[in-house]
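> Pasting a structure here, questions to come.
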Amino acid sequence: MAAPAEHVETSDPPERDPEPEAPETPDPETSDREQKEEEEEKEKEENDDDDEDEEGPQEPIIRDTPADIKLEAIANTVALHPTRDLLVCGDVDGDLYAYAYSCTEGETRELWSSGHHLKSCRQVRFSADGLQLYSVSRDKAIHLLDVERGQLVTRIRGAHGAPINSLLLVDENILATGDDGGTLKVWDMRKGTAIMDLKQHEDYISDIAVDAAKRILLTTSGDGTMGVFNIKRRRFELLSEYQTGDLTSLALMKRGKKVICGSSEGTVYIFNWNGFGATSDRFTIKAESVECIAPITDNIMCTASMDGYIRAVNLFPNRVIGCIGQHVGEPVEEINKSWDSRFLVSSAHDQLLKFWDISELKNTKVTEYRKRKKKDGRMKSLTKKAHGENDFFRRTHGGT
């Protein structure tokens, strides 16, 4: 504000009233500059609003398969929910982890974890309705958990005299377990007691399977034999002839008419149903081992090996179709397919759970004619990631 004007008295001319103070006149140059800055700021804000309206929310990135899940320890086992995109794995520390998996980038997430086992978790399996989860461990205990919250419902301590290695749900009430000493037990979970307790194997029981009628139970063992047990009569039936190496895995194929056994030597042994004493056929898949088997169709199965490769194998003709994927240089512990048969999930010593797209595998046709092998010796790739290539991405409503 300008200082007030001074008033001086004079005798002539006569005294007049002082004139009112004139208002301050703004600098025209400063006023124009401020007005221009205000207009520019307003225009910038309007442009920013227009840009936000044009861009909108970012479209989600959709993968061909869910992203790999990195674990804190090696997972011995992985089970997939029978009706949902959900899996549970058990690791060497005895912890269980549940994950919801998705092909949408960033949406695969951990749901819960459980540390009730004192030692390494060997196997986990969902009940047929997907509401309950069973697990067995090196701590010789059987656990039953609620799937939604991961809370322990039932525990059977000291279920076996040796560490438990394998697990099979026969039905909603009957459970079969096999241990490192070769003992098979069948449990009635309504009572929490064993209704069968038989030791016929000389080494660990690696896998267990049951027929569709829930009457005959089959076991494979590190002693190189397959065991046959009658659940209805609660008795042991017979052991197969001895095979070379450990029998490591077991599956029923061809509508239950063929029994397939994997071995530590990389050989696949085939038994006819009701011809359990001796093999009807065998073939080698040129792998270090056949650690686990996952049936995909009635004549196509996936096998996993200590060499890290996951192979698709056809039966009759008996042939390796190609490579599903690999954990480079790391032994694979277990493979299982998703409820919709779209993905195969594998766990390995690299502490990763990997997803493989097997949706087209069911359409594969295999003839007696053998194609010439590739010059580089590599198996045919059956998925985009089969030989370690990066996953392919595509945007929603967009191309590859």
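Quick reminder: no glycine exception, Cβ is built from N, Cα and C everywhere.
Nobody curates TrEMBL annotations by hand; they come from automatic prediction.
Residues or ranges marked as compositional bias 'Basic and acidic residues' by TrEMBL: 1-19. Sequence annotations record features per position, and here TrEMBL assigns compositional bias 'Acidic residues' to 20-29, 37-57. According to TrEMBL, the feature region 'Disordered' maps to 1-68. As annotated by TrEMBL, repeat 'WD' applies to 157-197, 340-366.
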> Per DSSP, what is the helix/strand/coil residue tally across the repeat 'WD' (340-366)?
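Tallying H, G and I as helix, E and B as strand, the rest coil: 3 helix, 12 strand, 12 coil.
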> Kindly report the helix/strand/coil residue split of the repeat 'WD' (157-197) according to DSSP, in that order.
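DSSP classes over the repeat 'WD' (157-197) add up to 0 helix, 23 strand, 18 coil.
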> As a test of reading the model: what is the averaged pLDDT for the repeat 'WD' (157-197)?
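That stretch averages a pLDDT of 97.
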